[in-house]
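Asker: Following this message is one structure expressed as structure tokens.
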Amino acid sequence: MSNAASPATSAAPVRHYPMSCRTLATQEQIWSATAKCAKQIAEDYKQYNLSDENPLYLLCVLKGSFMFTADLARFLCDEGVPVRIEFICASSYGTDVKTSGEVRLLLDVRDPVENRHLLIVEDIVDSAITLEYLKRFLQAKQPASLKTVVLLDKPSGRKVTLSVDYPVITIPHAFVIGYGMDFAEAYRELRDVCVLKKEYYEKPASKL
């Protein structure tokens, strides 16, 4: 699936955040795009005869994708897709705005996933270094299938060749926060996806 939406322009409640210079996607626009993506996933996975005994495993990549995973799970439920949720954590970022290029696995899935249908759920893909690492790591566990769904795709930032199976929204190059995504662990609680003002990530994290 490559027909990701661009940031929507439909009417939605206007929320203002002092650390944001603009909003890329409101909570309501995210929900609309995620619901559409869930319908496509449900259609594509019919071939696997999913059931409570053969569910779709959503692998929530912590920390940033926790809100997206929760909403996606509910929209998949609306489409009749049985899911299980597992958590995994790997990062090529520290508290800076640039990737280090070195991926560290911080948390592995707890359940055995051999012969299971796995869907990696990411908040954002920029360089794709972390997602490429996770795909290789999880493929070694011999799942029945392995695909990726990403809320925000930034193709212009790629440092490795990688295509996302289900990109929900395509965004331009920008440092974004909100809807689970952070800068130095701040701003995850914002309802919308916003662009962080430059002066915020140029100041020490202790001053946030």
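Heads up, the Cβ atoms here are built off N, Cα and C, so glycines get one too.
Copying in the features that Swiss-Prot gives for the protein in this structure:
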| type | residues | note |
| --- | --- | --- |
| ACT_SITE | D126 | active site, proton acceptor |
| BINDING | K63, E122, D123, I124, V125, D126, S127, A128, I129, T130, K154, D182 | GMP binding site |
| BINDING | D182 | Mg(2+) binding site |
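Locate each feature and note its surroundings.
Answerer: Secondary structure from DSSP puts D126 (active site, proton acceptor) in coil.
Within the same chain, the residues at least 6 positions away from D123 (GMP binding site) whose Cβ sits under 8 Å from its Cβ are V61, G64, S65, F68, V150, L151, L152, Y179, G180, M181, listed in sequence order.
Cβ neighbour count for D182 (Mg(2+) binding site): 19 (other Cβ atoms within 10 Å of its Cβ, all protein chains included).
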Asker: I'd like the Cβ neighbour count for S127 (GMP binding site), meaning other Cβ atoms within 10 Å of its Cβ, all protein chains included.
Answerer: 18
Asker: So if I draw a 10 Å sphere around the Cβ of K154 (GMP binding site), how many other Cβ atoms end up inside it?
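Answerer: I count 19 other Cβ atoms within 10 Å of it.
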